[in-house]
Amino acid sequence: MSSFTSSFSTKVPHTFRKNNIFPKKQILGTLSWTKKDSYLGFTAQTSSQTNFVSAMDEDCKLEVNSAYISDGYSKEVEIAVRAVHMACLLCQRVQKNLLSESSEHVHSKEDDSPVTIADWSVQAIVSWVLSEAYGSNVSIVAEEDVEALSKASAAGLLEAVVRTVNECLADAPRFGLKGPDTDLDAKAVLEAINRCSLAGARCSKFWVLDPVDGTLGFVRGDQYAIALALIEDGEPVLGVLGCPNYPIKKEWLSYQNGYRRILSRLTSSTSESSDRGSVLYARKGGGRAWMQPLLRGENKFVWPNSAREIRVSSIDNPALATFCEPVEKANSSHSFTAGLAHSVGLRNQPLRVYSMVKYAAIARGDAEIYMKFARAGYKEKIWDHAAGVLIIEEAGGVVTDAGGQPLDFSKGEYLEGLDRGIIACAGAKLHGTIIGAVDASWNSSSL
């Protein structure tokens with residue numbers, strides 16, 4: 001494999017033209033060659049061509065490693081990571097205010113699930129960033145709509161969302177992104193949220209976003225995630241998972257709800273307990289997944305922001321494995337997974353956490369199995385799984401339905417044709433064991 005023997009930087013103007021997803025305006029950035037064989041999981045190839053320059057103006061230049069830029073989806077990966085990282089810090093601020101002040105900005109949707117100003121604000125932020133990068137016709141599928149925000153009675157709520165969005169975008173240069181020239185007004189914020197349409201899920205290529213996955217965990221001060229993926233021909237090709245409360249130490253992951261929140265308030269901001277928050281990401285075919293810590297203090301985002309490679313656990317003995325399952329019982333069967341765990345010899349207590357943090361736990365090697373078997377009538381949505389599935393697979397794990405088939409993201413907003421449930425494991429051997437146990441136990445279940 002070639003490596004670069006010199007280091008230099010030059011300002012390069014470049015116009016993107018690829019599959020109508022690249023920006024149509026001229027982009028300026030800084031291109032840097034460095035001597036490395038591999039960088040962030042993207043193979044180095046000696047080339048004089050400029051394949052990627054981040055969206056910067058002359059006052060906001062970015063150092064980009066050539067080993068990274070030579071592979072497919074590199075531009076999308078970097079923009080997605082920056083957007084999700086920025087959204088994570090937004091959520092941390094909103095969650096802190098919700099816990100210390102009031103819950104007046106927590107609302108219930110028609111299915112009684114909660115939605116907060118963070119959900120709408122993150123959707124607006126990510127939509128705005130992607131639209132600036134790829135044009136207003138970019139296809140984005142996301143969970144929230146503007147119906148509740150558009151009501152006259154929601155004027156105060158909308159005002160809070162607009163304020164939150166503009167506070168976040170004002171910080172864009174810190175993340176190597178160019179913010180708007182002026183603050184967005186309410187109309188612009190609503191347009192950004194509404195740009196995300198379920199109709200986009202019928203396109204051959206689209207982004208899928210869950211602005212705050214695990215909103216119940218979010219309002220309780222516990223685990224939640226910001227999930228962004230790029231789907232092409234029914235498969236995730238890029239996944240980014242922001243986990244603002246994910247602790248660096250595995251032991252802290254099991255401290256849930258009030259107990260964990262009380263501990264975090266009692267400990268100093270410099271203690272190990274507060275050392276939490278990360279962004280995980282991968283691209284299809286890279287064979288690697290990465291995790292970078294969230295920015296602290298006034299630090300600026302410099303790609304790749306101290307990212308390190310993550311791998312799934314090597315444990316393949318069920319007796320030593322830890323399995324994840326949802327905290328809430330409303331849409332999943334704890335009794336079936338408990339019986340299944342016992343039948344295969346799982347002895348550790350289940351790790352019950354909110355949101356796609358379960359996928360992060362598998363990818364990071366903090367757990368080995370994630371099983372979800374929905375109750376009758378519940379349909380899994382694509383934004384609840386796309387990013388996590390890809391990250392686990394590139395970290396060395398296996399994710400399928402209970403019949404051993406890959407998840408199909410080509411049928412719209414739902415994972416249609418799902419065979420019974422979803423099984424994610426740290427390796428093929430463990431995955432085969434769980435699949436066999438499901439087949440042996442299913443007929444006796446009430447699901």
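Just so you know, glycine gets a Cβ as well, placed from its N, Cα and C.
Sequence-distant contacts (6 or more apart, same chain, Cβ under 8 Å) of Asp213 (Mg(2+) binding site) comprise Tyr224, Ala225, Ile226, Ala227, Ser355, Met356, Trp383, Asp384. Sequence annotations record features per position, and here TrEMBL assigns Mg(2+) binding site to Glu143, Asp210, Asp213, Asp384.
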- [ ] Specify all same-chain residues, apart from the site residues Glu143, Asp210, Asp213, Asp384, whose Cβ lies within 8 angstroms of the center of the Cβ atoms of the Mg(2+) site, ordered by sequence.
- [x] Leu209, Pro211, Val212, Ala227, Ser355, Met356, Lys381, Trp383
Open item on the list: List every residue in the same chain as Asp210 (Mg(2+) binding site), at least 6 positions away in sequence, whose Cβ is under 8 Å from its Cβ.
Closed with: Ala142, Glu143, Ala225, Ile226, Ala227, Met356, Trp383, Asp384, Ala387
Open item on the list: Please give me the CB contact count at 10 A for Glu143 (Mg(2+) binding site), counting all chains in the structure.
Closed with: 23
